[in-house]
């Protein structure tokens, strides 16, 4: 029996499914794939920003500091922190020289 033509019918005062092939491996595989698809769809819609940012930028956190002297790195960190600390509004304006 096809899944599209499956009908629930009242059987002895209960609702039951009149299909005998529910143990068919194809039906089991389709059910597992459907459940996995639903779980992945929900996770994608909950965490899409994190997921796509990870795939786009990898594990990097900010600009590369490779080849930059430690003093300049520390100065940049201080500027970033002071810009965040000094501003109470939602927008921060940072001018780079």
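Using N, Cα and C of the backbone, Cβ positions are placed for all residues, glycine too.
What Swiss-Prot says about this one:
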- 71-80: compositional bias 'Basic and acidic residues' (COMPBIAS)
- 20: N-linked glycosylation site (CARBOHYD)
- 50: S-palmitoyl cysteine (LIPID)
- 64: phosphoserine (MOD_RES)
- 82: phosphoserine (MOD_RES)
- 93: phosphoserine (MOD_RES)
- 60-88: region 'Disordered' (REGION)
- 41: site 'Seems to be involved in pH gating' (SITE)
- 1-22: topological domain 'Virion surface' (TOPO_DOM)
- 44-97: topological domain 'Intravirion' (TOPO_DOM)
- 23-43: transmembrane segment (TRANSMEM)
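Features per Swiss-Prot, on structure.
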residue	record	Cβ contacts under 8 Å, 6 or more apart
41	site 'Seems to be involved in pH gating'	none
50	S-palmitoyl cysteine	none
82	phosphoserine	none
